[in-house]
Amino acid sequence: MTLRPLAAFLSSVLMLPALAQDGSAVTGKIDAMYPKLDAIYKDLHAHPELAFQEVRTAAKLAAEMRAIGFEVTEKVGKTGIVAIYKNGSGPTVLVRTEMDGLPMEEKSGFDYSSKAHAQLDGKDTMVAHSCGHDVHMTAWLATARTLVALKSQWQGTLMFIGQPAEEIVSGAKAMIGDGLFTRFGKPDYAFALHSWPHAYGTIGYNSGPVSSNSDAIEITFKGRGGHGSAPDKAVDPVMIAARFVVDVQTVISREKDPKEFGVVTIGAINGGSVGNIIPDSVKVRGTIRSYTPQVREKILAGVRRTAIASAAMADAPAPDVELIPGGAAIINDEKLVARTEGVLKQAFGNDKVWRMPAMTASEDFSQFANAGIPAMFFFTGVYSPEAVAEAEKPGGKPIAFNHSPYYAPVPEPSIKTAARAMTLAVMNVMAK
């Protein structure tokens, strides 16, 4: 063991009693403010907004942060907000929440369920917070309020980020492109959390990879329209698209190393109008997920090659192939994880805090980590332990996952868990 890791380890261990004592103060502050947090949560839940449309949401968060004592700048990266609180010399710590909802109908049955509508690509859609961003925002506000209340216990600068457009993996890039780090300074550490369908009171994390790379597929297959009774007089793009959807899976099963993670999913096929008309074109949309750059490049090349070959086999024009980069994998900083996990285990118990495998979903919090900032992304549970235990039984009642219209976090313990964990994580790197 080298001296530097040993020093960091000893520093973390020696800090535990002080933070354990302060953990009770953190819990007390959050408990006392919960009635206000509950009202904020239910308001945010009932009024979700889509990516880069988070005008009401951003204004609400900005007003709350100003009331706490933060200096707030709005419209960073379109609808993002940056809230700064300076408390002497010390590290700058970024704490991020997402603000956007999803274009879907909520079916949770809550009396505060979303009835919101929005425009997406010129069409009306319902909007719901079915990924837990309302939980994240409420815990983010609770963390800010608790840290300010306990400012005698830490020193440095808080940089709280309200990020737009996480669901389309665009908001972090937009904020950085709008001068986030040049205008407000580059932080020394970055934290974010995400709700997950585990028991509330539990925390999951990983050291190293946390999420996957994400790339979008948009392919337009071109044919020659005609009558359904005379396919020989047409070039059928539906058949070409169908061949592609099947054949592209051989990139995963026959070209990718089976020990490496990689997924190609086609989620939408659009073309034609009625059953007896062969259309001129068909559009295919999908997603690619991977962990490593090598697998990512192999799949991207395979998808493009398969699309071109599918069209060539039908003597059709070359397709328009768009492979759109999304979020890169989040890589948690190993030293920051080691420094943080002891504090979380001390506060929540070893049986409630554990390392978990990397998830196959994607998240643009990676933009902050890839900017050279030691970062940690962790997960907090939102369902009752009884419901989770029942779901794990053979034939048990399942619990709704993120992005399900039935996703229904239990507010109070979920928000308190997230706020307490984030507050302790931040105080740990800023303690006097």
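Cβ from N, Cα, C; glycine included.
Keep in mind the model is a prediction, meaning the values are calculated, not measured.
Take the Mn(2+) site that TrEMBL assigns to CYS131, HIS133, GLU167, HIS403: the candidate from HIS117, HIS194 listed for it is HIS194. Here the domain 'Peptidase M20 dimerisation' (214-304) is broken down by DSSP into helix, strand and coil counts: 33 helix, 34 strand, 24 coil.
Counted within 10 Å of its Cβ, the other Cβ atoms near HIS133 (Mn(2+) binding site) come to 27, all protein chains included. There are 24 other CB atoms within 10 A of the CB of HIS194 (Mn(2+) binding site), with all protein chains counted. The record gives CYS131, HIS133, GLU167, HIS194, HIS403 for Mn(2+). Within 8 Å of the mean position of their Cβ atoms, the other Cβ atoms in that chain belong to GLU98, LEU102, HIS129, SER130, GLY132, GLU166, ASN402.
HIS133 (Mn(2+) binding site) falls within a helix when secondary structure is assigned with DSSP. Residue density at GLU167 (Mn(2+) binding site): 20 other Cβ atoms are found within 10 A of its Cβ, drawing on all protein chains shown.
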